[in-house]
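Notes for the one structure printed next.
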Amino acid sequence: MADVLADQLRSATLSDATNNEDWRRNLNIPARDNRQQTEDVTNTKGLEFENFGLKRDLLMGIFEAGFEKPSPIQEESIPVALTGRDILARAKNGTGKTAAFVVPALETINPKVSKIQCLILVPTRELAMQTSQVCKTLGKHLGINVMVTTGGTTLRDDILRLQDPVHIVVGTPGRILDLAGKNVADLSECPMFIMDEADKLLSIEFTPVIEQLLQFHPKDRQVMLFSATFPISVKEFSDKNMTNPYEINLMDELTLRGITQYYAFVEEKQKVHCLNTLFSKLQINQSIIFCNSTNRVELLAKKITELGYSCFYSHAKMQQQARNRVFHDFRNGVCRNLVCSDLLTRGIDIQAVNVVINFDFPKNAETYLHRIGRSGRYGHLGLAINLISWEDRFNLYNIERDLGTEIQPIPSTIDKSLYVYDNPETIPRPINIPAQPSSAGNAQSAAPNQGPPPQQQRPHQGQENWQNQNGRHNGSSQQQQPRGPHQNRGRGGGRGRGGFQGQGQGQRNYNNNYRGGRGGHNQGQHQQQMPNQQS
């Protein structure tokens with residue numbers, strides 16, 4: 001079906017937008033992103049956004065947001081979605097799934113009708129903020145009102161906002177069910193029901209809420225599901241609640257082609273030292289570092305700050321205001337490193353991130369796939385480094401098997417062409433998300449287009465002030481000066497194939513014949529052992 005539509009769209013003159021190019025001359029189009037892209041986003045049928053017959057005002061928003069040509073998932077889904085058919089779409093992380101459903105939603109909505117006409121469900125608050133901003137940016141010339149609502153905010157504010165016309169509601173399932181159940185959000189005439197990260201939304205914790213939400217929609221609704229992975233729960237939901245869905249599967253392989261994956265076998269007590277070595281060796285634009293528990297997130301962020309690197313942290317137990325601020329500031333380059341739990345594995349698009357580090361190795365392939373997908377966004381290059389302990393060796397094998405990929409042992413030197421661009425300052429900053437009001441202090445002074453500070457710059461003191469509201473510092477109260485190169489060097493190996501050579505302070509030399517599960521002794525004052533991962 002999509003191939004037939006593509007041929008028809010390519011040959012047809014669909015709107016006055018294709019006949020008159022004068023309107024494009026006055027657009028405020030951002031500088032072109034000339035970074036190398038992989039076939040994940042370049043393997044298209046040659047369609048243009050103009051071929052979809054979209055409103056000129058929508059095309060203006062698309063081009064002013066920096067979009068040039070549709071990606072494969074956008075080519076497949078947009079024309080089908082515009083026909084009103086249900087869709088099951090599976091595509092890799094970071095290949096343009098959000099625009100694949102936002103564009104047809106914006107095209108379909110009638111701004112003159114003061115009713116909720118599209119509901120977009122996402123699993124996390126950060127993804128809700130990001131998706132709502134994409135809707136606002138692409139539809140800024142359409143006069144469409146977008147509302148984002150999530151848990152962790154007062155219900156009263158949402159009730160007041162719904163007194164005004166709202167056309168698109170983006171949010172997490174629990175909060176939207178509260179609003180619909182109180183007859184505050186009227187979904188009776190909402191024809192579009194969209195789920196992003198559908199595999200997560202159809203997990204045990206969310207499925208009952210999703211089923212209840214569907215009852216508030218009309219029977220002839222259009223249901224669209226988008227995700228990178230489709231477990232059996234998605235098929236069960238589709239069979240029960242979707243009508244002859246059009247299935248799109250662009251997952252010829254599971255991992256992004258632009259991401260290079262490495263592992264290093266490291267004893268638990270040596271992980272911080274290994275991370276310090278990575279910071280000194282890698283050319284990081286921005287990095288996301290994952291831990292398996294909220295307690296370890298805060299402790300590791302504090303340790304990184306003590307080592308002299310700028311670092312934020314984020315996890316689900318933080319206050320919503322602080323989470324919003326972290327998300328906003330990190331996206332806008334205020335800080336170079338972010339330590340987080342799996343809270344930010346879903347859909348978060350920060351194109352400046354070129355390195356992902358699994359400080360704690362994940363337990364399953366699904367989590368691993370979503371974590372490493374935070375780098376290498378939209379066909380660009382990225383690096384994923386996994387710190388593996390002896391207990392993780394079976395998870396490593398299982399994930400390699402399940403994903404059909406091989407995670408290589410980390411070499412002594414990583415080729416910068418695998419993840420570094422010639423002019424990193426030209427990397428486009430993400431679509432700006434307004435900051436939530438807070439007493440952020442000095443952190444507010446960072447300009448939205450400012451790149452991240454040098455990797456060894458001292459952290460922003462203002463960050464600590466506002467993140468203190470979570471009960472703990474995001475770093476030490478007495479910042480240390482950035483460390484220069486040291487003479488002590490270390491090596492760590494992996495599965496008997498190669499090793500990793502690095503630098504660190506207060507560490508004795510590793511055994512040069514180190515292989516696998518043994519490592520050097522911990523002599524540095526900053527190499528305290530992290531707590532157990534189950535904490």
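Glycine is treated like the rest: Cβ placed from N, Cα and C.
In this structure, T95 (ATP binding site) belongs to neither helix nor strand by DSSP; it is coil. Annotation source Swiss-Prot lists ATP binding site at A91, K92, N93, G94, T95, G96, K97, T98.
Marked as compositional bias 'Gly residues' by Swiss-Prot: 495-505.
Taken from Swiss-Prot, the feature compositional bias 'Low complexity' covers 506-515 (among others).
Here Swiss-Prot flags 523-535 (among others) as compositional bias 'Low complexity'.
Note on the domain 'Helicase C-terminal' (258-418): its mean pLDDT in the predicted model is 90. Per Swiss-Prot, domain 'Helicase C-terminal' is recorded for 258-418, and the stated evidence type is sequence analysis.
The region 'Disordered' annotation in Swiss-Prot covers 429-535.
Residues of the motif 'Q motif' (47-75) grouped by DSSP class, helix first, strand second and coil last, total 17 helix, 0 strand, 12 coil. The feature motif 'Q motif' is assigned by Swiss-Prot to 47-75.
Here Swiss-Prot flags 196-199 as motif 'DEAD box'. With helix defined as DSSP H, G or I and strand as E or B, the motif 'DEAD box' (196-199) counts 2 helix, 1 strand, 1 coil.
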Q) Among the binding-site residues N93, T98, which residue has the largest number of other Cβ atoms within 10 Å of its own Cβ? A) N93
Q) What is the total of other Cβ atoms whose distance to the Cβ of G96 (ATP binding site) is within 10 Å? A) 23
